[in-house]
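Structure incoming, see below.
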Amino acid sequence: MFNFNDKIVFDDKKYDVLTVGEMLVDMISTDYGDDFECDTYKKYFGGSPANIAINSKMLGINSIIVSSVGNDGLGKFLLKKLQEHHIEIKYVRQVDYSTSMVLVTKSKSSPTPIFYRDADYHIEYSDELKYLIENTKIVHFSSWPISRNPSRSTVEILIDECKKYDVLVCYDPNYHSMIWERGHDGREYIKSLIAKVDIIKPSEDDAERIFGKDTPENQLKKFLDLGAKLVILTLGKDGAIVSNGEETIRFNTLADEVVDTTGAGDAFWSGFYSGLIKGYTLKKSLELGFAVSAYKLRYVGAIVDLPDIDTIKSMYDLKKLR
């Protein structure tokens, strides 16, 4: 069981965090609104696992990503961004499909997306991926790679391999029915994965899409009843509730300014992982995650220039973190 006042002890391995999944272009409107009537959109680096890899690198931990992009201009744009942040690109395949893209309105709440998918789910299991699993402390994936094959089969193998090598497996169930193949809405499949991972972080919207509308406390219980070991249920402006099945803790939001919510969850994961890797307790790592997320909310786009951890701790009065 995950105890909030304990640290997670990792073996000494080359990589701190391995993210597996989508790299894509976020086209974000320059004006607020959920009706897509804006005439102007700006191109941003995107994809939850990719965002986490970059954010984590900026926070001082060694991250790596396995993904696939198109052999096109947008794919080159994404690869260049990884290189700018000193992340190895040799595990990102360029495939003969168009780079995936999401059209999204700039939003102060949950943004409304339109998905254009092609290259992102062409991730295949390989000896290289097996090597990375053996040599990393934490593996992260989202619902995008499990929504279609071949990447779904790849993640299934990945989960089994992680168990062999004592790798912490974390899952972001960012469920959208539109990203799943026709005739497969994915909810039952997601439910079948919950007991197989170590940590899961649904948003309130994710929980509603998976289980239907309910109170946060009941949603939390549904994840736990399906075998979740640690559930981090984020509630937007209402903070978050986190439970290991025995103890439940509520965290208030640290956000003092909200410009754009795109990538806020990814920023949380990045801060949380950084805390775990640096030897903070589980509770203190959660607090750091919420602080990094609050900082990101001040800016448009999923990737922002994050300051170092000491600066974040000072900004959000987390000086006692350790």
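Using N, Cα and C of the backbone, Cβ positions are placed for all residues, glycine too.
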Which of Lys191, Lys196, Lys201, Lys278 does Swiss-Prot put in the same ATP site as Thr234, Gly239?
Lys201
Which three-state DSSP class does Thr234 (ATP binding site) fall into?
strand
